Ligand code: AMP
């Protein structure tokens with residue numbers, strides 16, 4: 001059979017276009033990490049400069065576009081000066097953000113909006129969503145995962161005790177998220193503690209899904225992991 005050069009070229013172009021359409025190179029990212037933080041673990045650090053009272057629930061750190069290859073696109077066009085006063089996020093959503101996405105640190109006239117603006121400029125701009133859709137989806141997805149309840153279902157609670165990885169993994173196995181630790185000093189010892197839990201959210205922001213492989217632990221060492229009170 002004779003195949004014309006034009007046919008070969010057409011197949012090559014179509015193959016290339018369909019490759020582009022299914023990779024993050026064309027779309028910028030494949031999924032989000034919805035990063036939930038444990039305020040105690042943010043604030044029990046040296047020089048953390050946190051405000052006096054911090055929530056006793058997991059709060060949002062950010063919703064970060066990620067690629068399947070491990071990339072994390074940042075600082076895309078579309079920066080804003082201030083999220084709250086931009087007029088581009090409705091009041092209901094801003095109210096939810098004040099409750100679920102607080103700045104834990106001191107300072108500034110509107111610390112929450114300062115933090116959201118940092119997160120939008122660095123991560124949200126690469127989502128290709130409007131500010132309204134990006135923030136609405138983040139607070140809605142965060143509200144759909146009761147992290148403390150998941151952990152409590154396996155008797156893991158913020159009581160300054162250390163827990164086996166396997167127990168944490170079992171509690172979270174519906175989502176297989178990434179558990180990120182940091183260090184805390186207590187009674188002359190250094191412990192690894194739960195700092196953040198990064199859940200996977202579909203590209204369109206509409207569903208929290210399993211991250212697709214066993215729960216990963218980052219910066220958690222190999223021993224038990226403390227859950228700080
Ligand atoms: P990112 O740039 O998105 O990786 O976020 C890291 C920065 O956000 C660091 O400067 C942290 O100190 C800061 N940060 C993390 N959580 C909070 C929070 N809840 N309030 C204020 N700043 C925070």
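Note that Cβ sites are derived from N, Cα and C of the backbone, with glycine treated the same way.
Automatic prediction, not curation, is the source of TrEMBL annotations.
Cross-referencing 42-63, 64-85, 86-107 with TrEMBL places the feature region 'Disordered' at 64-85. Taking only the Cα positions, the spacing between residue 123 (active site) and residue 61 (active site) is 11 angstrom. Counting residue by residue with DSSP, the compositional bias 'Polar residues' (65-75) contains 0 helix, 2 strand, 9 coil. Residue pair residue 61 (active site) / residue 119 (active site) shows a Cα separation of 8 Å. Least crowded of the active-site residues (61, 123), judged by neighbouring Cβ atoms within 10 Å of its own Cβ: 61.
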